[in-house]
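Notes follow the structure.
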Amino acid sequence: MVPPWPVVHAAVFALAALQALASDTFIAAVYEHAVILPRATQETVSPEDALALMNKNMDIFEGAIKEAAQQGAHIIVTPEDGIYGWVFTREAIYPYLEDIPDPEVNWIPCTDPTRFAPAPVLERLSCMARNNSIYVVANIGDKKSCNSSDPSCPSDGRYQYNTNVVFDSEGKLVARYHKYNLFRQETQFNYPKEPELVTFKTPFGKFGIFTCFDILFREPAVVLVSELQVDTVLFPTAWMNVLPFLTAVEFHSAWAMGMRVNLLSANTHNIRMSMTGSGLFTPGGAAAYYYNSKTEEGRLLVAKLSARPRLSPTYPPAVNWSSYATSVKNFTEDSTFLGAVRRDIFTFSELKHEDGNYTVCQKDLCCHLTYRMSNKSNDEIYVLGAFDGLHGSVIKYHWQICTLLKCKSTDLSTCGQPVETAQTKFDMFSLSGTFGTNYVFPEVLYSDVQLAPGEFEVLPDGRLESKNSTSKPLLTATLFGRRYEKDLKHPLRNSP
């Protein structure tokens, strides 16, 4: 049956209206928060005292959310552990937890706070979103009762989850995510039985969400992007910076470029714990970022991003990460030596001249480098390094890394140790490797742990190259590969 013309006309009009609401760009915000922490005690506090602490942090959130909304932001991400901190036993964190329902219940806590068990934190976050007409992303703790009918039920009769929540601009709960890859010190929380692939759609793109340590693993991070095709990832984190490859802004920017997706990364700020580094990262690099290890203050970042980067004319092409490296003969491989980057044993070769071509191999990985320095400092040494193996002391996962790296001193035994400053600039560099994976993340880090947006590119054949001379001295240029299929079985995930 053919519908009457007025019905057809109305349907076309409605579709046109929806398309008009959809935008090619949106304004995003992240807030790096200096968390007000509880007293350093293992004792359990009262629910009233727990809520008082959380309200102090949410008071600060409320100011940041209001400012972001005034700047036109459609969505804001706040950090992992940003509402209550991170130093807890399983028992001590319990008063801070709330029972977070599945978003399918269609609930606006701000307007209907008594529909479920009391949840003053959810209510307040919902009202922040609703009152400012902005999507709000926050990290809190979820509690779920269980009993002996569940063989995995913990002995205290409840599951406790590290949880992200998302409220839309009307204050409705639209997403809930339980962190799947817990950091080894998060003993206050349980592992979910299965990875949760949480997505939701907005007029400004399709979003996915995960938390901190998740970014280093296939599930859920890679699946959300590669299979579910999200446009933007929301990423609350409490990231402790680890040089030379795993500072927050360095790796998170590289991950967004390697996965060709937007990443909204909000870190906690605590310089004693080496926590700083947030950003609005895109497939083309950092739109805005913040790293400051010298102050106690957080920072609000706001930037305009592509809502659907895959449809953008500037969307980067797919990369065959081993194409160039496997098509050329090895350069002359000079004498090599072994050096440690934390516990990982790299094969290094010293760059003895101000320009040259080098190849260094370890196992299945050969790294090729062509370079020219512009002002080589006599008291600095750079090396080309390769690593192909398992990383981690408890949770073991497989890395393949090619790196142009500044050593801490002229003593070769310091190569791989953390260093934050450099004096040597490069006229050019070109780095590639025979990677056995399509998941490679390109990092370029300048002196004082600063990024180099717009100053380098990744070619479709897998070469990481400087566009021109580096504007600042170089700490490292790195291709960080992950071979997820070679990760060992997780030793802790099934423990109740």
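Count begins at 1; order follows the chain as displayed.
Positions of Cβ are set from backbone N, Cα and C atoms, glycine also.
If you look up TrEMBL, you'll see 1-22 marked as signal peptide. What TrEMBL records for 40-307 is domain 'CN hydrolase'. The active site, proton acceptor annotation in TrEMBL covers Glu80. Residues annotated as active site, proton donor in TrEMBL: Lys179. Sequence annotations record features per position, and here TrEMBL assigns active site, nucleophile to Cys212.
The average per-residue pLDDT of the prediction over the domain 'CN hydrolase' (40-307) is 97, rounded to a whole number. Remark: Glu80 (active site, proton acceptor) has Asn139, Asn162, Asn164, Thr211, Cys212, Pro236, Thr237, Ala238, Thr268 as non-local neighbours, by Cβ distance under 8 Å and separation of at least 6 in sequence.
All protein chains considered, the CB of Lys179 (active site, proton donor) has 27 other CB atoms within 10 Å.
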